[in-house]
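Engineer: Swiss-Prot feature annotations, pasted as is:
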- 1-20: topological domain 'Cytoplasmic' (TOPO_DOM)
- Ser4: phosphoserine (MOD_RES)
- 21-38: transmembrane segment (TRANSMEM)
- 39-51: topological domain 'Extracellular' (TOPO_DOM)
- 52-69: transmembrane segment (TRANSMEM)
- Phe58: site 'Selectivity filter' (SITE)
- 70-73: topological domain 'Cytoplasmic' (TOPO_DOM)
- 74-87: intramembrane segment (INTRAMEM)
- 88-95: topological domain 'Cytoplasmic' (TOPO_DOM)
- 96-116: transmembrane segment (TRANSMEM)
- 117-151: topological domain 'Extracellular' (TOPO_DOM)
- Tyr119: site 'Important for permeability to glycerol' (SITE)
- 152-172: transmembrane segment (TRANSMEM)
- 173-184: topological domain 'Cytoplasmic' (TOPO_DOM)
- 185-201: transmembrane segment (TRANSMEM)
- 202-205: topological domain 'Extracellular' (TOPO_DOM)
- 206-219: intramembrane segment (INTRAMEM)
- Tyr207: site 'Selectivity filter' (SITE)
- Arg213: site 'Selectivity filter' (SITE)
- 220-237: topological domain 'Extracellular' (TOPO_DOM)
- 238-259: transmembrane segment (TRANSMEM)
- 260-269: topological domain 'Cytoplasmic' (TOPO_DOM)
Amino acid sequence: MAGSVLENIQSVLQKTWVREFLAEFLSTYVLMVFGLGSVAHMVLGERLGSYLGVNLGFGFGVTMGIHVAGGISGAHMNAAVTFTNCALGRMAWKKFPIYVLGQFLGSFLAAATTYLIFYGAINHYAGGELLVTGPKSTANIFATYLPEHMTLWRGFVDEVFVTGMLQLCIFAITDKLNSPALQGTEPLMIGILVCVLGVSLGMNTGYAINPSRDLPPRFFTFIAGWGKKVFSAGNNWWWVPVVAPLLGAYLGGIVYLGLIHAGIPPQGS
């Protein structure tokens, strides 16, 4: 009986769509634990964290996530990247919900894990209050929020541009016909790319550049006690890190494929 159950489980786990779902789930979980943990250090730890540390946390979190699942699903860990690959015909649309569901669940669980790990520090920092805005806010550990110097639509354009740069450079790093990263170094190079985007272009919006990075942790804070303000803050900013990266990644992909990839002669020609 036990053997039969194990065989059934093994049979299910060998299905391609199941393996891809689990790969996106686990790789996104790894990315987000490192990323959110680094933000928690910056927000809660006074001198124990820094903005550079946040960029390193997310950058090398991406690297580790690709090592975890790159050979199975490609380790997108980003609904905007998945959307772009589907929209540009590089993967089937039927994979889109499988990938995104895995990413969202992994990100949500990572937010819950971060909350449990830093529960004491979060409560101590704000005197037991769960604040979305203000100098003692802690919701920004989990999701991005629009700063005072930015308007909603400037933030939208910012997210479109930065995500476009992300997707353009990912295509360049992985383009075997151009000048790709050395074999085996792609995870490191993409991680460095994320870090560079953060230190050069991340100030305005916190460079969400990923619906899977922003929306699930935001929803976690909503149900964990921060309340409805996580969606209403910043003139209802919440939808921008969901929609703008989809548009930005698509445009960045088109720019690279149209201006660079299409002009590369086939190998052997």
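Keep in mind that glycine also has a Cβ here, set from the backbone N, Cα and C atoms.
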Engineer: Between Phe58 (site 'Selectivity filter') and Tyr119 (site 'Important for permeability to glycerol'), what is the CA-CA distance rounded to a whole number of Å?
Structural biologist: 21
Engineer: Here the recorded sites are Phe58, Tyr119, Tyr207; which one has the lowest number of other Cβ atoms no more than 10 Å from its Cβ?
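Structural biologist: Each of the recorded sites Phe58, Tyr119, Tyr207 was scored; lowest Cβ tally within 10 Å is Tyr119.
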Engineer: Do me a favour and check the Cα-Cα span between Arg213 (site 'Selectivity filter') and Tyr207 (site 'Selectivity filter'); whole Å is fine.
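Structural biologist: That separation, Cα to Cα, works out to 10 Å.
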Engineer: How many Å lie between the Cα of the residue listed as 'phosphoserine' and the Cα of Tyr207 (site 'Selectivity filter')?
Structural biologist: 48
Engineer: Check the transmembrane segment (152-172) against the transmembrane segment (238-259) for contact, please; criterion is three or more CB pairs under 8 Å, pairs 6 or more apart in sequence.
Structural biologist: yes
Engineer: Just to verify a number: CA distance, Tyr207 (site 'Selectivity filter') to Tyr119 (site 'Important for permeability to glycerol'), in angstrom, no decimals.
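Structural biologist: Between the Cα atoms of Tyr207 (site 'Selectivity filter') and Tyr119 (site 'Important for permeability to glycerol'), the distance comes to 25 Å.
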Engineer: Mind checking which residues reach the transmembrane segment (96-116)? Cβ under 8 Å, same chain, six or more beyond either end.
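Structural biologist: Here the qualifying positions are 17, 20-29, 31-33, 36-37, 40, 73, 76-79, 82-83, 86, 122, 141-142, 212-213, 215-217, 219-221, 224.
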Engineer: Who are the chain neighbours of the intramembrane segment (74-87) in space, where the CB to CB distance is under 8 Å and they lie at least 6 residues beyond its ends?
Structural biologist: 23-24, 27-28, 31, 62, 65-66, 68, 93, 95-96, 99-100, 103-104, 106, 163, 166-167, 170, 209-213, 245-246, 248-250, 252-253
Engineer: Sort out the residues at least 6 away from either end of the topological domain 'Extracellular' (202-205), same chain, that have Cβ-Cβ distances under 8 Å to it, and list them.
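Structural biologist: Here the qualifying positions are 55, 144, 146-147, 149-150, 154-155, 158-159, 162, 240-241.
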Engineer: If you count other Cβ atoms within 10 Å of each one's Cβ, which of the recorded positions Ser4, Arg213 has the most?
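Structural biologist: Comparing the recorded positions Ser4, Arg213, the most crowded Cβ belongs to Arg213.
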